[in-house]
Amino acid sequence: MDLLLGVLSSGILQNALPFVAGVGRVKRPKRVKLEEAFREAHLCRPVIPYRAPTPYTGGRVKALFVGINYTGTRNKLSGCVNDVRQMLGTLQRIQFPISECCILVDDMRFPNFTALPTRENIIKHMAWLVHDVRPGDVLFFHYSGHGTETKAERDSEELYDQCLVPLDYQVQGAILDDDLFELLVKGLPAGVRMTAVFDCCHSASLLDLPFAFVGNNNFYSGGRHEMRKVRANNFSMGDVVVFSGCDDSGTSADVSNVSSFGSGLVASGGAATQALTWALVNTSQLSYADIFIRTREILRQKGYKQVPQLSSSKPVDLYKPFSLFGPITVNTSLIHYVPQQYLQPWGPPQPYYPPPQPQQPYYPPPQPQQPYYPSSQLPTQYNNLAPTAGIPLMTSSSEVPPGQYPQALSGDQNGGVPPQYPSDQSTYYSSAQYLSGVGKPL
C-alpha cells in the first residue's frame, strides 16, 4: 500500500494512464437569457488566426474555441488549453479557411486570446457565432473542459440534462443542453453548416440533436452501421454535426502525455481531441465511418475506455466523405424521419478543397501555465475586465473582400472586421430571424 501511494503521489501513474476528473452532478443552472445574449453578440472581438492559402468564397467561416483548465481550483485539468492549440493547428494544417474566430481560454498568454471562458462570455460568444448567419456560411465550435449533468425537469427522453462547465460555474452555474440547442442550433437557416467538437464528460447529447450513432467499442470490428433517431423533435433547418468525446454517462480522459498520439507535442491534452485531430491529418478523403473507426481504434490501443459519439440534425450517411463544408449527405433509408420543411435544397455545390500537403507544425509548444487566482475564490482578474475585453478590432485592409463581414452595429466603429495578422505571427501548432421561436422551453 505504501508503495502504491508513493507511485500515485509522484505522478508516475498519471503519466502512464488517462486521468479523468469530474465535478459531479450540479444544481440545475439558471436558464440563459437568449435575447440578452444576442443583443451583446456584436461586442465580441473576433480575430483572424491564420491565413489559409485558398479562401472560402461561399460565405463566412466563423469559429469559436473554448478551452478551460480551471487552473488553481480543485477541479483543475491539464490539457484543455492544449486541445484548443491542437485543434487550431490541425485546422491550419488542413487549410481550413477561418475568416474570423474567438478564443476563450483561461490562459491570457494564448496567442489571439479573446476573453476568459466565464459563463457570460461563453454564452455571448456562442451568440456571436450564429448571429446573422446566412446560407453558405460555415461554423466550427470546439469545447474542451468539464462536462456534467443535472436532473432533467421537462425532458421526457432522458433522466439527466447535460451541461457545459464554465470557469466560474461555482458562482454563476453551468450551461444547460436545452440552452445550447436554443443558442446554437434552433435558429440556423437552411444552407448553414456547423461542426461541433465536445471533448468533455457526459457529452454525447450536449446539443440534444435528433439523430445519433449510438455505438460501442465493437464499431471498428466490421459490418455496416447507421445512425438512428434518438429524439422526437429538435430539428433544425441548418446542417449540424457533433463529435463528442464520450457518451452521456461516460467520462473523457485528460492525458498527461500525448506524445504517443504522434503529435510531437509532449504536453497534456484531451484523448478525444488528440485522436480526432490525428485522424484528420493522417487520412484523406475519409468518411464519417473512417473517422470513428480510426479514432476509436486509437483510443482503444492506448488503453482508453471512452467511446466517441456522433450526433447530427439530419441522419448522416456514415459512408459518404466527411467534410467541414456543405450539406450533410443524408442516409436515404432514414430520410422519412425528417419533417419535409427541414429538407430544403442547398443550391449550388460547395467548392472542393484538396487534401493538405505535408507541413511542419507551426504553433510553439505552450509555456507552463501559472494559476491566475486562488483556488477558493472566483477569478479575481475577471472582476477588473470590461465586458468587451479581448483583442481590439483593427481597420479593414485590402485583403478582406468588401461585404464579407456583416455591417457594424451601433458602437462598433470598425465594421466588425477582424484584425489582419502577418502569416508568420499567428500560426499554430499541430439576429432577429434567429430569435424567432425564442421563449419556448423544451
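Just so it is clear, glycine is given a Cβ too, placed from its N, Cα and C backbone atoms.
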Recorded Ca(2+) site member, picked from Asp107, Asp132, Asp137, Asp208, that accompanies Asp161, Asp177, Asp178 in Swiss-Prot
Asp208
Could you check which of 19-62, 239-282 is flagged in Swiss-Prot as region 'Important for catalytic activity'?
19-62
Average pLDDT across the region 'Important for catalytic activity' (19-62)?
84
Of the recorded positions Asn112, Asp208, Asn282, Asn331, the one whose Cα sits nearest to the Cα of His146 (active site) is Asp208
DSSP on the region 'Important for catalytic activity' (19-62): how many residues come out helix, how many strand, how many coil?
9 helix, 4 strand, 31 coil
Can you give me the Cα-Cα distance between Cys201 (active site) and Asn331 (N-linked glycosylation site) in Å, rounded to a whole number?
28
